[in-house]
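As given in Swiss-Prot:
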SIGNAL    1-29  signal peptide
TRANSMEM  40-60  transmembrane segment
TRANSMEM  72-92  transmembrane segment
TRANSMEM  104-124  transmembrane segment
TRANSMEM  136-156  transmembrane segment
TRANSMEM  167-187  transmembrane segment
TRANSMEM  210-230  transmembrane segment
Amino acid sequence: MKRVSVKNYLVCLLIAVCAIFVFPANASAMHIMEGYLAPGWCISWGVMCMPFLVIGFFSIKKKIEVSSKNLTLLAMCGAFAFVLSALKMPSVTGSCSHPTGVGLGAVLFGPTAMSVIGAIILLFQAILLAHGGITTLGANVFSMAIVGPLVSFGVFKLSKRWGAKAGLAVFLAVFFGDLMTYVITSVELAMAYPDATGSFMVSLGKFISIFGFTQVPLAVCEGLLTVVIYNVLAKYSAKELKALSAIY
């Protein structure tokens with residue numbers, strides 16, 4: 001059987017990215033959209049993101065200095081996340097449901113590195129695809145590029161410690177990271193738009209319940225897809241993954 005290199009998968013992902021630009025999704029399908037949050041919330045979420053982005057920058061720099069091949073893997077993780085997070089399914093007003101794609105990168109490179117990649121992805125989507133917005137970038141980064149990868153990384157490490165097989169550990173990491181992204185998105189929306197009675201919890205329950213109908217199936221599908229890609233990388237880039245402590 002002909003050996004398939006990691007570069008071929010990267011090329012396929014880049015082609016998919018180009019296809020998104022050629023056949024863009026409807027602009028009504030997006031992350032928390034431009035102008036949907038009050039300025040105070042936009043500033044607050046943005047400030048909360050800054051420490052993670054700074055730490056993530058140095059984390060990426062260190063990993064690339066260790067091996068230049070990590071740059072190819074990181075680019076692939078970024079392309080994978082870009083493609084998946086651009087696949088929109090309409091959900092509650094002002095937002096949407098979609099895979100996040102950041103779980104793979106979190107497992108391979110850690111959560112802080114993926115926070116930088118996720119922020120870049122969200123910025124490009126806001127500017128070029130009208131997905132999300134500039135003012136709401138901080139809120140979207142916090143939920144998808146910070147909390148999601150943190151949860152995925154934590155679940156992967158715990159699963160590894162408890163003796164779970166690599167495939168199961170990756171699936172659980174991606175699944176829970178995906179769901180937690182939307183829990184945080186629901187928190188952001190509930191804080192900005194509490195129930196008419198003034199209850200945060202009532203509003204949060206409404207947002208989470210609506211997101212759940214679309215996000216749970218998407219999280220399962222993303223988990224299965226990520227396991228397939230992880231297995232391919234583990235087969236053809238085992239040395240690099242071992243160096244990243246992402247294989248066992």
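Including glycine, each Cβ sits where the backbone N, Cα and C put it.
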>> How about the transmembrane segment (40-60) with the transmembrane segment (210-230) - do they touch, taking at least 3 C-beta pairs under 8 Å (6 or more apart in sequence) as contact?
In response: no
>> Pairs of Cβ atoms less than 8 Å apart decide it: which stretch in 136-156, 167-187, 210-230 has the most with the transmembrane segment (72-92)?
In response: 210-230
> Mind checking which residues reach the transmembrane segment (167-187)? Cβ under 8 Å, same chain, six or more beyond either end.
Replying inline: 31-32, 95, 97, 99-100, 102-104, 106-107, 139, 142-144, 147-153, 155-156, 159-160, 204, 207-208, 211, 215-216, 218-220, 222-224, 226-227, 230-231
>> Let me spell it out: take the transmembrane segment (136-156), skip the flanking residues so only those 6+ beyond its ends count, and list any with a Cβ under 8 Å from a Cβ in it.
In response: 31-37, 41-49, 52-53, 85, 100, 102-103, 105-107, 110-112, 114-119, 121-123, 126, 169-170, 172-174, 176-178, 180-182, 184-185, 188
